[in-house]
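A.B. asks: The structure's right below; bear with me while I get my questions together.
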Amino acid sequence: WIMGHMVNAVYQIDEFVNLGANSIETDVSFDDNANPEYTYHGIPCDCGRSCLKWENCNDFLKGLRSATTPGNSKYQSKLILVVFDLKTGSLYDNQASEAGKKLAKNLLKHYWNNGNNGGRAYIVLSIPDLNHYPLIKGFTDTLKQEGHPELLEKVGYDFSGNDAVGDVAKAYKKAGVSGHVWQSDGITNCLLRGLTRVKEAVANRDSGNGYINKVYYWTVDKRATTRDALDAGVDGVMTNYPDVIADVMNEAAYKNKVRLATYEDSPWVTFKK
């Protein structure tokens, strides 16, 4: 999965997919009442990027629905996975469940079209704080209550705080999650970060009894870092430059080893070599 980083305005969806991304990451900020408000990152953000692009969250979801609904004039068949980077740092811990409920209702209405031929992309809810694990239950319970438990087949989870792998496992246990787990590791492109924890996550994924299904590394903009990440065995690379990742994947060393995921590749099934 080539994951376009910080895609927060509707027009950027086409921009990143046309550069080679089959997945995007979108920031979601919340208001004081835990309503998803804007798709917005804000300052500071990655070096070389504008941090200030934004939409109202529901407008973005509608644009995303168009881009991922077969038959729509805006349809992009390659776009198969969306990571919502949930900016829950502005919330009190006791608002996490409420944020999950409200996010579920917004997605159900504006993205899934109330279960009636809505967007088809797989969704990853990425949460920065392990203490906010109740967001997951708020989200899953709401989809069930609204009569759409089948949509949970399209939803996965990520804790993005670079916490110890064992601590992340405990948070999932509390949240009642087993499966559909992506594990992120990374840092802003302005700084360097080694691959120690990525390798630990990959080992957990491949152990047969770990909690991780897929591992992605962020933010990867350079060819050398891309090669290191592919060599470490990641499933996804988040990037500001999808074309760079696509180029590396076409190099002789990689073109017979890795390929771009398609809609038929389940993002929840651990790939067995």
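The chain as shown is numbered from 1 upward.
Heads up, the Cβ atoms here are built off N, Cα and C, so glycines get one too.
If you look up Swiss-Prot, you'll see His5 marked as active site. Residues or ranges marked as active site, nucleophile in Swiss-Prot: His41. Under the heading Mg(2+) binding site, Swiss-Prot lists Glu25, Asp27, Asp85, citing similarity to another entry as support. The disulfide bond annotation in Swiss-Prot covers Cys45-Cys51, Cys47-Cys190, and the record cites similarity to another entry as its basis.
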A.B. asks: Hey, how far is Cys190 (disulfide bond) from His5 (active site), Cα to Cα, in Å?
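C.D. replies: If we compare the Cα positions of Cys190 (disulfide bond) and His5 (active site), the gap is 14 Å.
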A.B. asks: Find the one among the recorded positions His5, Glu25, Asp27, His41, Asp85 whose C-alpha lies closest to that of Cys51 (disulfide bond).
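C.D. replies: Of all the candidates listed, His41 is nearest in space.
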A.B. asks: Here are some active-site residues: His5, His41. Which one has the most Cβ atoms within 10 Å of its Cβ?
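C.D. replies: The most densely surrounded of these active-site residues is His5.
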A.B. asks: Check the Cα-Cα distances from Glu25 (Mg(2+) binding site) to the recorded positions His5, His41, Cys45 and tell me which is shortest.
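C.D. replies: Its closest listed neighbour, by Cα, is His5.
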A.B. asks: Enumerate the residues of the same chain, Glu25, Asp27, Asp85 excluded, that satisfy the criterion Cβ within 8 A of the mean position of the Cβ atoms of the recorded Mg(2+) site; list them in sequence order.
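C.D. replies: Nearby residues not in the site list: His5, Met6, Val7, Asn8, Thr26, Val28, His41, Val83, Phe84, Leu86, Lys87, Ser126.
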A.B. asks: Using Cα coordinates, what distance in whole Å links Asp85 (Mg(2+) binding site) and Cys47 (disulfide bond)?
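C.D. replies: Cα to Cα, Asp85 (Mg(2+) binding site) and Cys47 (disulfide bond) are separated by 18 Å.
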A.B. asks: What three-state secondary structure does DSSP assign to Glu25 (Mg(2+) binding site)?
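C.D. replies: Note: Glu25 (Mg(2+) binding site) is in a strand by DSSP.
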A.B. asks: Taking the Cβ of Cys47 (disulfide bond) as the centre, count every other Cβ atom within 10 Å, in any protein chain shown.
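C.D. replies: Result for Cys47 (disulfide bond): 12 neighbouring Cβ atoms inside 10 Å.
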A.B. asks: Whose Cβ, among the binding-site residues Glu25, Asp27, Asp85, has more other Cβ atoms within 10 Å than any of the rest?
C.D. replies: Glu25
A.B. asks: Given the recorded positions His5, Asp27, Cys47, which one's Cα is the least distant from that of the residue listed as 'active site, nucleophile'?
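C.D. replies: For the residue listed as 'active site, nucleophile', the closest Cα among His5, Asp27, Cys47 is found at Asp27.
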